[in-house]
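For reference, Swiss-Prot has these:
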{"type": "BINDING", "residues": "E102, D103, I104, I105, D106, T107, G108, L109, T110, K134, D163", "note": "GMP binding site"}
{"type": "ACT_SITE", "residues": "D106", "note": "active site, proton acceptor"}
{"type": "BINDING", "residues": "D163", "note": "Mg(2+) binding site"}
Amino acid sequence: MTETPMMDDLERVLYNQDDIQKRIRELAAELTEFYEDKNPVMICVLTGAVFFYTDLLKHLDFQLEPDYIICSSYSGTKSTGNLTISKDLKTNIEGRHVLVVEDIIDTGLTMYQLLNNLQMRKPASLKVCTLCDKDIGKKAYDVPIDYCGFVVENRYIIGYGFDFHNKYRNLPVIGILKESVYT
């Protein structure tokens, strides 16, 4: 991999492109086994999960209906405590199997509130697939993670969709941002 100025802002790489793609293929095999006859609605939580979602879909061997949602319970880096949906689903999920695809579960607040919102729409089933689960000890919100790519340490993660002030998303690796960049 060619070094770029953005790579200089990494303390270290946690997962390279090969690691990420290998784990995505493994997750896709698990998902295919479960969903092969269910025609689920697969919801991408934008913007961070778009890289993971796109690569994951390429390896799934079953019929599905893609959809997208933009939501947050944060303003900047501060939690508002309330879920704001700025782009809702186009698909009616009542009676459908639903898989929410997320980039990372941190405290669990946003996902907890999103799952509560989606559950009110009466899906047949509701599951979560996240690329990363941040190891922060006991999470503030109990979120069931049905499929997880990696457990990452409690540091500022960037690359492959993860951002810092909307930068670094396009790094092809997952890494830890140097503390000097954000302090």
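Each residue, glycine too, has its Cβ placed from N, Cα and C.
Features as recorded by Swiss-Prot, highlighted on the structure.
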residue : record           : Cβ contacts under 8 Å, 6 or more apart
E102    : GMP binding site : V45, G48, A49, M111, V128, C129, T130, L131
I104    : GMP binding site : G48, T130, L131, C132, D133, K134, V152, I157, F162
D106    : GMP binding site : K134, I136
G108    : GMP binding site : K139, A140, Y141, D142, V143
T110    : GMP binding site : C71, S72, S73, Y74, L83
D163    : GMP binding site : T47, G48, R169
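Whole-number maximum of the Cα to Cα distances across the GMP-binding residues E102, D103, I104, I105, D106, T107, G108, L109, T110, K134, D163: 18 angstrom. In three-state terms derived from DSSP, T110 (GMP binding site) belongs to a helical segment. Classification of D163 (GMP binding site) by DSSP places it in coil, neither helical nor stranded.
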